[in-house]
Amino acid sequence: MMHNQGNSNGDPAAPMSNLQEPQVPMLSQTPNPVPMMNAPAPLLRPAIPGARGARPPRLGLAIPPSPNVKPVGGNAAGPPLQVPSRPPLPVLHLATPMGSTVAPQEHQPNRGAQPGQSASGGSESSAAHSRTGSFGPLDGRGSNPTSAGSQYSALSFASQYGLGGAKPHGTPDPVSAVGSLYSNASEGGVGMEREGSMHGLEASFDKMSLEKARTSDAEDLDDEGWRIVSMENRIVELGGLGEGAGGAVTRCKLKGGKTVFALKVITTNPDPDIKKQILREINFNKGCASEHICRYYGGFLDPSTATISIAMEFCEGGSLDSIYKEVKRLGGRTGEKVLGKIAEGVLQGLTYLEAKRILHRDIKPSNILLCRNGEVKLCDFGVSGDFGTKGEANTFIGTSYYMAPERITGQTYTITSDVWSTGVTLLEVAQHRFPFPADGTEMQPRAGLIDLLTYIVQQPIPKLKDEPEAGIFWSDNFKHFIEACLEKNPKRRGMPWKMLEHPWMTELKTKRVNMSKYLTQVWGWDDPKGSK
(Lines of atoms letter the chains of each structure in order from A and count residues from 1; the text may use other names and numbers.)
(Lines give C-alpha, C1' and ligand atoms only; values in the text may rest on other atoms or scores of the structure.)
Protein backbone atom coordinates (compact mmCIF):
# COMPACT_ATOMS: atom_id res chain seq x y z
CA MET A 1 0.00 0.00 0.00
CA MET A 2 1.30 3.42 -0.90
CA HIS A 3 1.26 6.09 1.78
CA ASN A 4 1.29 9.72 0.85
CA GLN A 5 3.92 10.99 3.28
CA GLY A 6 4.01 14.44 1.78
CA ASN A 7 0.39 14.87 2.68
CA SER A 8 0.72 13.52 6.23
CA ASN A 9 0.47 16.99 7.70
CA GLY A 10 -3.23 16.88 6.95
CA ASP A 11 -3.11 19.79 4.53
CA PRO A 12 -4.96 18.73 1.38
CA ALA A 13 -4.17 22.05 -0.24
CA ALA A 14 -0.38 21.46 -0.32
CA PRO A 15 1.14 21.30 -3.85
CA MET A 16 1.43 17.76 -5.10
CA SER A 17 4.24 18.23 -7.66
CA ASN A 18 7.06 18.70 -5.10
CA LEU A 19 6.29 15.57 -3.13
CA GLN A 20 8.15 12.28 -3.45
CA GLU A 21 6.51 8.97 -2.76
CA PRO A 22 9.08 6.60 -1.12
CA GLN A 23 8.34 2.91 -1.21
CA VAL A 24 7.42 1.52 2.20
CA PRO A 25 7.55 -2.24 2.59
CA MET A 26 4.28 -3.92 3.37
CA LEU A 27 3.86 -6.19 6.38
CA SER A 28 2.40 -9.37 5.07
CA GLN A 29 1.55 -10.59 8.56
CA THR A 30 -0.96 -7.77 9.10
CA PRO A 31 -4.09 -8.06 7.05
CA ASN A 32 -4.97 -4.38 7.61
CA PRO A 33 -1.76 -2.37 7.28
CA VAL A 34 -1.60 0.90 9.21
CA PRO A 35 0.32 3.79 7.71
CA MET A 36 3.33 4.85 9.72
CA MET A 37 3.42 8.43 10.90
CA ASN A 38 6.34 10.22 12.51
CA ALA A 39 4.19 12.59 14.61
CA PRO A 40 0.52 13.24 15.23
CA ALA A 41 -0.84 15.68 12.74
CA PRO A 42 -3.48 18.28 13.62
CA LEU A 43 -6.81 17.59 12.00
CA LEU A 44 -9.01 20.27 10.51
CA ARG A 45 -11.98 17.92 10.66
CA PRO A 46 -12.89 14.49 11.97
CA ALA A 47 -11.40 11.77 9.85
CA ILE A 48 -13.72 10.18 7.32
CA PRO A 49 -13.70 6.43 8.00
CA GLY A 50 -13.04 3.97 5.22
CA ALA A 51 -10.16 3.31 2.89
CA ARG A 52 -9.80 6.05 0.29
CA GLY A 53 -7.01 4.44 -1.74
CA ALA A 54 -4.59 6.82 -3.36
CA ARG A 55 -7.04 9.71 -3.49
CA PRO A 56 -6.21 12.63 -1.21
CA PRO A 57 -8.70 13.20 1.60
CA ARG A 58 -11.40 15.79 0.94
CA LEU A 59 -12.96 18.25 3.32
CA GLY A 60 -16.61 17.39 4.01
CA LEU A 61 -19.51 18.94 5.87
CA ALA A 62 -20.19 17.53 9.29
CA ILE A 63 -23.98 17.55 8.63
CA PRO A 64 -25.09 14.13 7.39
CA PRO A 65 -26.91 14.36 4.12
CA SER A 66 -30.58 13.61 3.86
CA PRO A 67 -31.31 9.99 2.98
CA ASN A 68 -33.70 11.14 0.30
CA VAL A 69 -31.24 13.53 -1.32
CA LYS A 70 -28.26 12.72 -3.53
CA PRO A 71 -24.94 13.15 -1.58
CA VAL A 72 -23.07 16.37 -2.15
CA GLY A 73 -20.38 15.99 -4.74
CA GLY A 74 -21.60 12.59 -5.78
CA ASN A 75 -21.27 11.62 -9.39
CA ALA A 76 -24.08 9.13 -9.46
CA ALA A 77 -27.05 10.33 -11.39
CA GLY A 78 -30.23 10.46 -9.35
CA PRO A 79 -33.64 9.34 -10.48
CA PRO A 80 -35.31 11.59 -13.01
CA LEU A 81 -37.22 14.48 -11.49
CA GLN A 82 -40.96 14.34 -11.64
CA VAL A 83 -41.98 17.52 -13.41
CA PRO A 84 -45.65 18.14 -12.80
CA SER A 85 -47.59 18.55 -15.94
CA ARG A 86 -50.95 20.12 -16.38
CA PRO A 87 -53.56 17.49 -15.59
CA PRO A 88 -56.07 16.73 -18.25
CA LEU A 89 -59.28 18.67 -18.02
CA PRO A 90 -61.50 15.68 -17.16
CA VAL A 91 -59.25 14.78 -14.22
CA LEU A 92 -59.35 18.28 -12.69
CA HIS A 93 -61.85 18.47 -9.83
CA LEU A 94 -62.74 21.66 -8.00
CA ALA A 95 -63.23 21.11 -4.31
CA THR A 96 -66.97 21.83 -4.47
CA PRO A 97 -68.82 21.42 -7.74
CA MET A 98 -70.94 24.51 -8.20
CA GLY A 99 -74.50 23.43 -7.56
CA SER A 100 -73.62 21.11 -4.70
CA THR A 101 -75.00 21.99 -1.32
CA VAL A 102 -72.69 19.73 0.71
CA ALA A 103 -69.23 20.97 1.62
CA PRO A 104 -66.59 18.19 1.32
CA GLN A 105 -64.42 17.24 4.23
CA GLU A 106 -60.99 18.79 4.05
CA HIS A 107 -58.09 16.37 3.34
CA GLN A 108 -60.48 13.50 2.53
CA PRO A 109 -59.03 11.77 -0.53
CA ASN A 110 -61.19 10.88 -3.48
CA ARG A 111 -61.60 7.18 -4.11
CA GLY A 112 -60.60 7.66 -7.72
CA ALA A 113 -57.62 9.83 -6.96
CA GLN A 114 -54.06 8.60 -6.88
CA PRO A 115 -52.39 8.00 -3.52
CA GLY A 116 -51.04 11.18 -2.02
CA GLN A 117 -53.29 13.34 -4.16
CA SER A 118 -56.65 14.90 -3.31
CA ALA A 119 -59.55 15.28 -5.67
CA SER A 120 -58.62 18.87 -6.35
CA GLY A 121 -55.07 18.00 -7.35
CA GLY A 122 -53.37 18.87 -4.08
CA SER A 123 -51.61 16.84 -1.46
CA GLU A 124 -53.83 15.06 1.01
CA SER A 125 -51.41 16.04 3.71
CA SER A 126 -52.53 18.91 5.87
CA ALA A 127 -49.18 20.56 5.29
CA ALA A 128 -49.95 20.95 1.61
CA HIS A 129 -52.88 23.24 2.23
CA SER A 130 -51.90 26.89 2.44
CA ARG A 131 -53.68 29.64 4.39
CA THR A 132 -54.90 31.22 1.19
CA GLY A 133 -56.57 28.03 0.05
CA SER A 134 -54.11 27.14 -2.73
CA PHE A 135 -52.38 23.77 -3.11
CA GLY A 136 -48.79 23.00 -3.89
CA PRO A 137 -47.56 20.80 -6.76
CA LEU A 138 -47.13 17.09 -6.17
CA ASP A 139 -43.62 15.75 -6.22
CA GLY A 140 -44.16 12.46 -4.43
CA ARG A 141 -42.66 13.80 -1.19
CA GLY A 142 -45.56 15.61 0.40
CA SER A 143 -44.23 19.03 -0.54
CA ASN A 144 -44.80 22.14 1.51
CA PRO A 145 -47.33 24.76 0.49
CA THR A 146 -46.27 26.75 -2.50
CA SER A 147 -46.14 30.51 -2.69
CA ALA A 148 -48.74 32.77 -4.25
CA GLY A 149 -46.78 32.66 -7.51
CA SER A 150 -47.14 28.89 -8.00
CA GLN A 151 -48.35 27.80 -11.42
CA TYR A 152 -50.84 25.60 -9.63
CA SER A 153 -52.37 28.43 -7.58
CA ALA A 154 -56.05 29.21 -7.79
CA LEU A 155 -55.53 32.07 -10.22
CA SER A 156 -53.48 29.89 -12.55
CA PHE A 157 -56.09 27.15 -12.62
CA ALA A 158 -58.84 29.65 -13.32
CA SER A 159 -56.94 31.31 -16.15
CA GLN A 160 -55.79 28.05 -17.75
CA TYR A 161 -59.24 26.57 -17.94
CA GLY A 162 -61.26 29.69 -18.54
CA LEU A 163 -63.01 29.60 -15.19
CA GLY A 164 -63.01 33.37 -14.69
CA GLY A 165 -66.16 33.98 -16.67
CA ALA A 166 -68.24 31.19 -15.21
CA LYS A 167 -71.25 32.01 -13.10
CA PRO A 168 -71.31 29.51 -10.25
CA HIS A 169 -74.40 28.37 -8.46
CA GLY A 170 -74.88 26.98 -5.01
CA THR A 171 -72.79 27.44 -1.92
CA PRO A 172 -69.05 27.99 -2.47
CA ASP A 173 -66.70 25.83 -0.48
CA PRO A 174 -64.73 27.84 2.07
CA VAL A 175 -61.57 25.80 1.39
CA SER A 176 -61.91 25.64 -2.38
CA ALA A 177 -58.89 26.91 -4.27
CA VAL A 178 -61.02 28.52 -6.95
CA GLY A 179 -64.32 29.07 -5.19
CA SER A 180 -63.00 32.19 -3.46
CA LEU A 181 -62.73 33.89 -6.84
CA TYR A 182 -66.48 34.04 -7.23
CA SER A 183 -69.46 35.73 -5.74
CA ASN A 184 -72.97 34.68 -6.57
CA ALA A 185 -73.88 37.80 -8.49
CA SER A 186 -70.76 38.90 -10.34
CA GLU A 187 -68.10 37.79 -12.75
CA GLY A 188 -64.42 37.64 -11.95
CA GLY A 189 -65.04 37.73 -8.19
CA VAL A 190 -65.48 41.51 -8.05
CA GLY A 191 -68.91 41.72 -6.48
CA MET A 192 -69.46 40.84 -2.86
CA GLU A 193 -73.24 40.54 -2.87
CA ARG A 194 -74.52 37.79 -0.63
CA GLU A 195 -76.14 34.68 -1.96
CA GLY A 196 -79.86 34.97 -2.37
CA SER A 197 -79.78 38.77 -2.46
CA MET A 198 -81.73 38.80 -5.72
CA HIS A 199 -79.57 41.71 -6.91
CA GLY A 200 -81.21 44.38 -4.76
CA LEU A 201 -83.45 45.40 -1.92
CA GLU A 202 -85.99 42.65 -2.62
CA ALA A 203 -83.77 40.14 -0.80
CA SER A 204 -83.36 42.23 2.37
CA PHE A 205 -86.87 43.65 2.67
CA ASP A 206 -90.30 42.24 1.94
CA LYS A 207 -92.53 43.79 -0.68
CA MET A 208 -94.80 45.37 1.90
CA SER A 209 -91.90 47.19 3.58
CA LEU A 210 -90.58 48.37 0.22
CA GLU A 211 -93.98 49.63 -0.87
CA LYS A 212 -94.54 51.43 2.42
CA ALA A 213 -91.12 53.09 2.30
CA ARG A 214 -91.62 54.24 -1.28
CA THR A 215 -95.00 55.82 -0.60
CA SER A 216 -94.40 57.33 2.87
CA ASP A 217 -93.03 60.71 3.85
CA ALA A 218 -90.38 61.34 6.51
CA GLU A 219 -92.87 61.55 9.37
CA ASP A 220 -94.26 58.06 8.67
CA LEU A 221 -91.04 56.08 8.15
CA ASP A 222 -89.64 53.65 10.67
CA ASP A 223 -85.95 52.71 10.92
CA GLU A 224 -86.36 50.00 8.29
CA GLY A 225 -87.97 52.51 5.95
CA TRP A 226 -85.10 54.93 6.47
CA ARG A 227 -82.62 52.23 5.48
CA ILE A 228 -84.62 51.63 2.32
CA VAL A 229 -84.81 55.30 1.30
CA SER A 230 -81.10 55.64 2.03
CA MET A 231 -80.20 52.65 -0.16
CA GLU A 232 -82.45 54.01 -2.92
CA ASN A 233 -80.80 57.46 -2.66
CA ARG A 234 -84.11 59.20 -2.06
CA ILE A 235 -82.73 61.69 0.48
CA VAL A 236 -82.20 65.11 -1.12
CA GLU A 237 -80.01 67.66 0.67
CA LEU A 238 -81.35 71.22 0.58
CA GLY A 239 -78.58 72.96 2.49
CA GLY A 240 -76.34 72.88 5.53
CA LEU A 241 -77.47 73.81 9.04
CA GLY A 242 -74.14 73.70 10.83
CA GLU A 243 -71.43 71.45 12.19
CA GLY A 244 -70.30 70.66 15.69
CA ALA A 245 -68.47 68.11 17.76
CA GLY A 246 -71.41 65.74 17.40
CA GLY A 247 -71.47 65.86 13.61
CA ALA A 248 -72.85 67.79 10.66
CA VAL A 249 -76.53 68.71 10.27
CA THR A 250 -78.16 69.28 6.88
CA ARG A 251 -81.65 70.27 5.77
CA CYS A 252 -83.20 67.52 3.66
CA LYS A 253 -86.38 66.05 2.25
CA LEU A 254 -87.32 62.86 0.44
CA LYS A 255 -87.84 62.60 -3.30
CA GLY A 256 -91.56 62.98 -3.81
CA GLY A 257 -92.06 64.03 -0.16
CA LYS A 258 -93.10 67.33 1.36
CA THR A 259 -91.70 67.22 4.89
CA VAL A 260 -88.42 69.06 5.40
CA PHE A 261 -86.30 67.45 8.11
CA ALA A 262 -82.88 67.84 9.69
CA LEU A 263 -80.42 65.02 9.11
CA LYS A 264 -77.65 64.71 11.66
CA VAL A 265 -74.71 62.63 10.43
CA ILE A 266 -72.44 61.27 13.15
CA THR A 267 -69.16 59.52 12.44
CA THR A 268 -69.03 56.40 14.56
CA ASN A 269 -66.38 56.20 17.24
CA PRO A 270 -64.71 52.95 18.33
CA ASP A 271 -65.11 54.07 21.94
CA PRO A 272 -67.99 51.99 23.35
CA ASP A 273 -69.07 54.89 25.58
CA ILE A 274 -69.61 57.09 22.53
CA LYS A 275 -71.61 54.36 20.84
CA LYS A 276 -73.76 54.01 23.95
CA GLN A 277 -74.45 57.74 23.90
CA ILE A 278 -75.54 57.62 20.27
CA LEU A 279 -77.78 54.62 20.86
CA ARG A 280 -79.20 56.31 23.95
CA GLU A 281 -80.09 59.38 21.92
CA ILE A 282 -81.80 57.31 19.23
CA ASN A 283 -83.69 55.04 21.62
CA PHE A 284 -84.80 57.87 23.86
CA ASN A 285 -86.14 60.04 21.05
CA LYS A 286 -88.26 57.16 19.78
CA GLY A 287 -90.40 57.33 22.90
CA CYS A 288 -90.68 61.10 23.23
CA ALA A 289 -94.04 62.76 22.63
CA SER A 290 -93.73 66.32 23.87
CA GLU A 291 -94.13 69.60 22.01
CA HIS A 292 -91.02 70.81 23.82
CA ILE A 293 -88.80 67.92 22.69
CA CYS A 294 -87.46 67.91 19.14
CA ARG A 295 -89.28 65.12 17.31
CA TYR A 296 -87.33 62.10 16.13
CA TYR A 297 -88.17 60.54 12.75
CA GLY A 298 -85.68 57.68 12.49
CA GLY A 299 -82.09 56.68 11.97
CA PHE A 300 -79.92 54.39 9.93
CA LEU A 301 -76.34 53.20 9.63
CA ASP A 302 -74.41 53.73 6.41
CA PRO A 303 -71.86 50.87 6.22
CA SER A 304 -70.00 52.44 3.30
CA THR A 305 -69.08 55.55 5.31
CA ALA A 306 -69.30 54.13 8.86
CA THR A 307 -71.69 56.91 9.89
CA ILE A 308 -74.98 57.02 11.76
CA SER A 309 -77.65 59.33 10.36
CA ILE A 310 -80.46 60.63 12.56
CA ALA A 311 -83.50 62.27 10.97
CA MET A 312 -85.29 64.72 13.23
CA GLU A 313 -87.72 67.59 13.15
CA PHE A 314 -86.48 70.69 11.34
CA CYS A 315 -86.86 73.85 13.44
CA GLU A 316 -86.74 76.73 11.02
CA GLY A 317 -86.14 79.39 13.65
CA GLY A 318 -82.73 77.92 14.43
CA SER A 319 -80.92 77.58 17.73
CA LEU A 320 -81.08 80.12 20.52
CA ASP A 321 -77.33 80.55 20.13
CA SER A 322 -77.62 81.62 16.50
CA ILE A 323 -80.67 83.81 17.27
CA TYR A 324 -79.13 85.91 20.03
CA LYS A 325 -75.88 86.34 18.10
CA GLU A 326 -77.87 87.58 15.10
CA VAL A 327 -79.74 90.01 17.37
CA LYS A 328 -76.41 91.23 18.71
CA ARG A 329 -75.11 91.68 15.17
CA LEU A 330 -78.18 93.75 14.33
CA GLY A 331 -77.56 95.96 17.38
CA GLY A 332 -80.70 94.90 19.27
CA ARG A 333 -81.48 93.12 22.51
CA THR A 334 -83.87 90.26 23.22
CA GLY A 335 -86.78 91.41 25.37
CA GLU A 336 -87.80 90.03 28.73
CA LYS A 337 -91.12 88.64 27.51
CA VAL A 338 -89.39 86.65 24.76
CA LEU A 339 -86.90 85.34 27.30
CA GLY A 340 -89.82 84.32 29.50
CA LYS A 341 -91.36 82.23 26.71
CA ILE A 342 -88.00 80.59 26.07
CA ALA A 343 -87.57 79.81 29.77
CA GLU A 344 -91.08 78.38 29.93
CA GLY A 345 -90.43 76.05 26.99
CA VAL A 346 -87.13 74.83 28.45
CA LEU A 347 -88.65 74.16 31.88
CA GLN A 348 -91.60 72.35 30.30
CA GLY A 349 -89.17 70.13 28.40
CA LEU A 350 -87.14 69.41 31.54
CA THR A 351 -90.32 68.59 33.45
CA TYR A 352 -91.22 66.07 30.74
CA LEU A 353 -87.74 64.54 30.97
CA GLU A 354 -87.96 64.32 34.75
CA ALA A 355 -91.21 62.39 34.46
CA LYS A 356 -89.33 59.90 32.26
CA ARG A 357 -86.43 59.88 34.74
CA ILE A 358 -84.07 61.43 32.22
CA LEU A 359 -81.35 64.05 32.75
CA HIS A 360 -80.51 66.19 29.76
CA ARG A 361 -77.07 67.23 31.11
CA ASP A 362 -76.24 69.56 28.22
CA ILE A 363 -78.61 72.53 28.37
CA LYS A 364 -77.04 75.46 26.51
CA PRO A 365 -78.09 77.97 23.81
CA SER A 366 -77.11 75.74 20.89
CA ASN A 367 -79.31 72.88 22.18
CA ILE A 368 -82.47 74.99 22.39
CA LEU A 369 -84.31 75.21 19.06
CA LEU A 370 -87.18 77.42 17.95
CA CYS A 371 -89.72 76.55 15.29
CA ARG A 372 -91.04 79.19 12.91
CA ASN A 373 -94.20 79.58 14.98
CA GLY A 374 -92.13 80.19 18.12
CA GLU A 375 -92.31 76.77 19.80
CA VAL A 376 -89.29 76.04 21.98
CA LYS A 377 -87.78 72.55 21.80
CA LEU A 378 -84.85 70.77 23.42
CA CYS A 379 -82.54 68.74 21.23
CA ASP A 380 -79.28 66.80 21.26
CA PHE A 381 -79.78 64.08 23.80
CA GLY A 382 -76.44 62.43 23.00
CA VAL A 383 -75.34 63.11 26.58
CA SER A 384 -78.71 62.46 28.20
CA GLY A 385 -78.87 59.74 30.80
CA ASP A 386 -81.12 57.84 33.12
CA PHE A 387 -80.83 58.54 36.81
CA GLY A 388 -81.31 56.01 39.56
CA THR A 389 -84.05 55.50 42.08
CA LYS A 390 -82.91 58.59 44.02
CA GLY A 391 -82.82 60.71 40.89
CA GLU A 392 -79.05 61.13 41.11
CA ALA A 393 -76.15 60.72 38.69
CA ASN A 394 -72.40 61.08 39.06
CA THR A 395 -70.83 61.11 35.58
CA PHE A 396 -68.95 64.05 34.05
CA ILE A 397 -70.75 64.48 30.73
CA GLY A 398 -71.82 67.66 28.95
CA THR A 399 -70.50 71.12 28.17
CA SER A 400 -68.31 72.19 31.09
CA TYR A 401 -69.01 75.93 30.85
CA TYR A 402 -72.70 75.46 31.70
CA MET A 403 -72.24 72.80 34.40
CA ALA A 404 -73.54 73.26 37.92
CA PRO A 405 -70.93 73.49 40.72
CA GLU A 406 -71.87 70.07 42.11
CA ARG A 407 -71.11 68.50 38.75
CA ILE A 408 -67.79 70.32 38.40
CA THR A 409 -66.67 69.09 41.81
CA GLY A 410 -67.69 65.50 41.04
CA GLN A 411 -70.62 65.24 43.44
CA THR A 412 -73.88 63.46 42.73
CA TYR A 413 -76.45 65.61 40.98
CA THR A 414 -80.11 65.64 40.00
CA ILE A 415 -82.37 67.33 37.46
CA THR A 416 -81.72 70.62 39.28
CA SER A 417 -78.31 70.70 37.60
CA ASP A 418 -80.20 71.33 34.34
CA VAL A 419 -81.99 74.22 36.08
CA TRP A 420 -78.58 75.79 36.78
CA SER A 421 -77.66 75.45 33.10
CA THR A 422 -80.98 77.08 32.18
CA GLY A 423 -80.14 80.09 34.35
CA VAL A 424 -76.68 80.44 32.78
CA THR A 425 -78.23 80.23 29.30
CA LEU A 426 -80.87 82.92 29.99
CA LEU A 427 -78.29 85.22 31.55
CA GLU A 428 -76.01 84.83 28.52
CA VAL A 429 -78.80 85.66 26.05
CA ALA A 430 -79.96 88.64 28.13
CA GLN A 431 -76.45 90.14 28.45
CA HIS A 432 -75.18 89.05 25.00
CA ARG A 433 -72.11 87.50 26.60
CA PHE A 434 -71.12 84.48 28.65
CA PRO A 435 -71.91 85.42 32.29
CA PHE A 436 -68.62 84.30 33.84
CA PRO A 437 -66.72 86.10 35.26
CA ALA A 438 -69.43 88.12 36.93
CA ASP A 439 -67.64 91.48 36.68
CA GLY A 440 -67.88 91.43 32.91
CA THR A 441 -64.13 91.35 32.25
CA GLU A 442 -62.81 89.21 29.44
CA MET A 443 -60.87 86.45 31.18
CA GLN A 444 -60.67 84.30 28.06
CA PRO A 445 -63.32 82.04 29.59
CA ARG A 446 -63.27 79.51 26.76
CA ALA A 447 -59.48 79.19 26.80
CA GLY A 448 -58.70 78.82 30.52
CA LEU A 449 -61.05 75.97 31.37
CA ILE A 450 -59.51 75.13 34.75
CA ASP A 451 -59.50 78.77 35.87
CA LEU A 452 -63.05 79.23 34.67
CA LEU A 453 -64.38 76.14 36.46
CA THR A 454 -62.57 77.20 39.62
CA TYR A 455 -64.16 80.62 39.35
CA ILE A 456 -67.66 79.12 38.94
CA VAL A 457 -67.25 76.97 42.05
CA GLN A 458 -65.52 79.45 44.37
CA GLN A 459 -66.68 82.93 43.34
CA PRO A 460 -70.09 84.52 43.93
CA ILE A 461 -72.75 83.89 41.32
CA PRO A 462 -73.30 86.51 38.61
CA LYS A 463 -76.41 88.69 38.78
CA LEU A 464 -78.57 90.24 36.11
CA LYS A 465 -77.97 94.00 36.15
CA ASP A 466 -79.65 96.91 34.47
CA GLU A 467 -77.80 98.86 31.78
CA PRO A 468 -79.06 102.44 32.07
CA GLU A 469 -76.60 103.74 29.47
CA ALA A 470 -78.19 101.39 26.93
CA GLY A 471 -81.73 101.96 28.18
CA ILE A 472 -82.11 98.37 29.35
CA PHE A 473 -83.94 97.60 32.59
CA TRP A 474 -84.99 94.20 33.90
CA SER A 475 -87.82 93.41 36.30
CA ASP A 476 -87.11 92.36 39.88
CA ASN A 477 -88.93 89.08 39.32
CA PHE A 478 -86.64 88.25 36.40
CA LYS A 479 -83.55 89.07 38.45
CA HIS A 480 -84.77 86.87 41.29
CA PHE A 481 -85.55 84.05 38.85
CA ILE A 482 -81.93 84.08 37.63
CA GLU A 483 -80.67 84.02 41.22
CA ALA A 484 -82.93 81.08 42.03
CA CYS A 485 -81.60 79.12 39.05
CA LEU A 486 -77.99 79.88 40.02
CA GLU A 487 -78.34 78.77 43.62
CA LYS A 488 -75.08 76.98 44.42
CA ASN A 489 -76.65 74.67 46.98
CA PRO A 490 -78.42 72.04 44.84
CA LYS A 491 -80.79 71.17 47.70
CA ARG A 492 -82.10 74.72 47.73
CA ARG A 493 -82.31 75.01 43.98
CA GLY A 494 -85.78 74.51 42.55
CA MET A 495 -86.95 71.60 40.42
CA PRO A 496 -88.11 72.39 36.86
CA TRP A 497 -91.79 72.12 37.73
CA LYS A 498 -91.21 74.28 40.81
CA MET A 499 -89.49 76.96 38.75
CA LEU A 500 -92.56 77.10 36.50
CA GLU A 501 -94.43 78.37 39.57
CA HIS A 502 -92.02 81.25 40.11
CA PRO A 503 -93.71 84.69 40.16
CA TRP A 504 -91.84 85.74 37.03
CA MET A 505 -93.22 82.75 35.12
CA THR A 506 -96.79 83.12 36.38
CA GLU A 507 -96.73 86.79 35.48
CA LEU A 508 -95.59 86.14 31.89
CA LYS A 509 -98.25 83.49 31.35
CA THR A 510 -100.86 86.22 31.40
CA LYS A 511 -99.12 88.13 28.62
CA ARG A 512 -99.33 87.32 24.92
CA VAL A 513 -96.01 87.14 23.11
CA ASN A 514 -95.81 86.89 19.32
CA MET A 515 -92.76 84.67 18.98
CA SER A 516 -93.27 84.26 15.24
CA LYS A 517 -93.02 88.02 14.75
CA TYR A 518 -89.86 88.08 16.83
CA LEU A 519 -88.21 85.45 14.64
CA THR A 520 -89.38 87.23 11.49
CA GLN A 521 -87.64 90.39 12.63
CA VAL A 522 -84.46 88.50 13.49
CA TRP A 523 -84.15 86.58 10.22
CA GLY A 524 -85.86 89.04 7.91
CA TRP A 525 -88.59 86.68 6.75
CA ASP A 526 -91.07 88.24 4.36
CA ASP A 527 -94.20 86.29 5.29
CA PRO A 528 -94.39 85.06 8.88
CA LYS A 529 -96.24 81.78 9.21
CA GLY A 530 -98.28 81.26 12.36
CA SER A 531 -98.01 83.10 15.60
CA LYS A 532 -97.74 82.26 19.23
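Placed from the backbone N, Cα and C atoms, the Cβ positions cover glycine too.
The feature domain 'Protein kinase' is assigned by Swiss-Prot to 235-505, with sequence analysis given as support.
For Leu241, Gly242, Glu243, Gly244, Ala245, Gly246, Gly247, Ala248, Val249, Lys264, the entry in Swiss-Prot reads ATP binding site, with the evidence type sequence analysis. Sequence-distant contacts of Val249 (ATP binding site), defined by Cβ-Cβ distance under 8 angstroms and a gap of at least six in the same chain, are Gly240, Leu241, Gly242, Glu243, Ala262, Leu263, Lys264, Val265.
When secondary structure is read from DSSP and collapsed to three states, Asp362 (active site, proton acceptor) falls in the coil class. For Asp362, the entry in Swiss-Prot reads active site, proton acceptor.
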Exercise. When you tally the Cβ atoms that lie within 10 Å of each candidate's Cβ, which of the recorded positions (Glu243, Asp362) has the highest tally?
Worked result: Asp362
Seminar exercise, completed: Asp362 (active site, proton acceptor) to Gly247 (ATP binding site), Cα to Cα, whole Å, comes out at 16
Exercise. Along the domain 'Protein kinase' (235-505), what average pLDDT does this model show?
Worked result: 86
